[in-house]
Structures are given as structure tokens and as C-alpha cells.
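Undergrad: According to TrEMBL:
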- 1-113: domain 'S-adenosylmethionine synthetase central' (DOMAIN)
- 115-191: domain 'S-adenosylmethionine synthetase C-terminal' (DOMAIN)
Amino acid sequence: MFGYATDETPELMPLSHVLATKLGARLTEVRKNGTCAWLRPDGKTQVTVEYYNENGAMVPVRVHTVLISTQHDETVTNDEIAADLKEHVIKPVIPEKYLDEKTIFHLNPSGRFVIGGPHGDAGLTGRKIIIDTYGGWGAHGGGAFSGKDPTKVDRSGAYIVRQAAKSIVASGLARRCIVQVSYAIGVPEPL
């Protein structure tokens, strides 16, 4: 199990992951409040951030690419989708200082996305494990968190080492930190 923390956001998470998560939450918000009534619940967000290395710490410079693939009803056009996503989802979430004329927007790049959820994607257990942690930063132990109770170290061990990494960064001992721990079944202490 791995825990990761970075000082680039108040959440001590990578900015790319924070922004992608907030875009997903905003999609839900504008779907439920009717701002974008054409939205449906399935979707994916990804944000690519350009960084520079400052003595081992990663400092965000700009957003390179925003990807949003979202399920929608049959009546909305691709142009309406792109315009609404930029105005009602991206602008309220991504700080203006990170967006520039070179930022790439992939908004429903595969075209129509009417069929979604379990009907459009068979198998739901253990999917998208990277978004459950750090969005590609740090490392991941490989086990899914969903559907597991706290006695399963895939989940509880990852939570504990995340807290350890956060404590190290929050105390100022490091600007980035990764903590690794491993367990064996039947052995109560980490290896």
C-alpha cells in the first residue's frame, strides 16, 4: 500500500487530481440543479497539468489538457455540449491563472455518449483504481478500495499511509512524500 501527499494544493493532493475530481463533482451539480439538464450520470474527467520541479517539489504552471467525456441525452448537439461544459463546468472549477490559449480541451472527443453506466460498461468492481488514490502520481498498491471493509489492508492500509504522508508534508518536513507499507495475511504488523 502507498500513501502520497504534496503541498501543491490545500488538500495535499496533486493539482491534476484535485481539478479532475472537482470537474466530476461540478458535472453532478449542474446535472442535478438543471443548469445542464441534458447531462446524464456517467462520465470521466482528466486534467493534465504542466509542472516544474523546484528542488524536488512539483509546482503547477498551467493546465495543458482538459478531458471531459460525459453521458448526455439524445437531443443535445456536440457544439452545445462543448459550450456548456466550458461555461458551466470548466470555468467555475479551474482557476483562470492555469488556463491559457494553448490549453487543449477534449470535450466528448469520441462523439455521442448516450448509453452509459453498467449498460455501456460491463463489470464495475475494482475499476478506476487510480482515481481512488492520486490520479497517476505517487504509486498504487493495486488493490481496489470499493466493496471492501476496513479489515482489508488494500483499503485501510492505504488510508493509514496516506495519513502518514499528509502529516509529513503538513508539518513542513517535506514538500512531497510517499510512504509504502506491506502486509501478509495473518501477520498483524507490517512487513
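Placement of Cβ uses the backbone N, Cα and C atoms for every residue, glycine included.
Automatic prediction, not curation, is the source of TrEMBL annotations.
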Undergrad: On the DSSP side of things, how many residues of the domain 'S-adenosylmethionine synthetase central' (1-113) fall into helix, strand and coil, could you say?
TA: 37 helix, 41 strand, 35 coil
Undergrad: So what's the mean pLDDT when you look at the domain 'S-adenosylmethionine synthetase central' (1-113)?
TA: 94
Undergrad: Under DSSP, the domain 'S-adenosylmethionine synthetase C-terminal' (115-191) has how many residues in helix, strand and coil?
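TA: Across the domain 'S-adenosylmethionine synthetase C-terminal' (115-191), the residues distribute as 21 helix, 5 strand, 51 coil.
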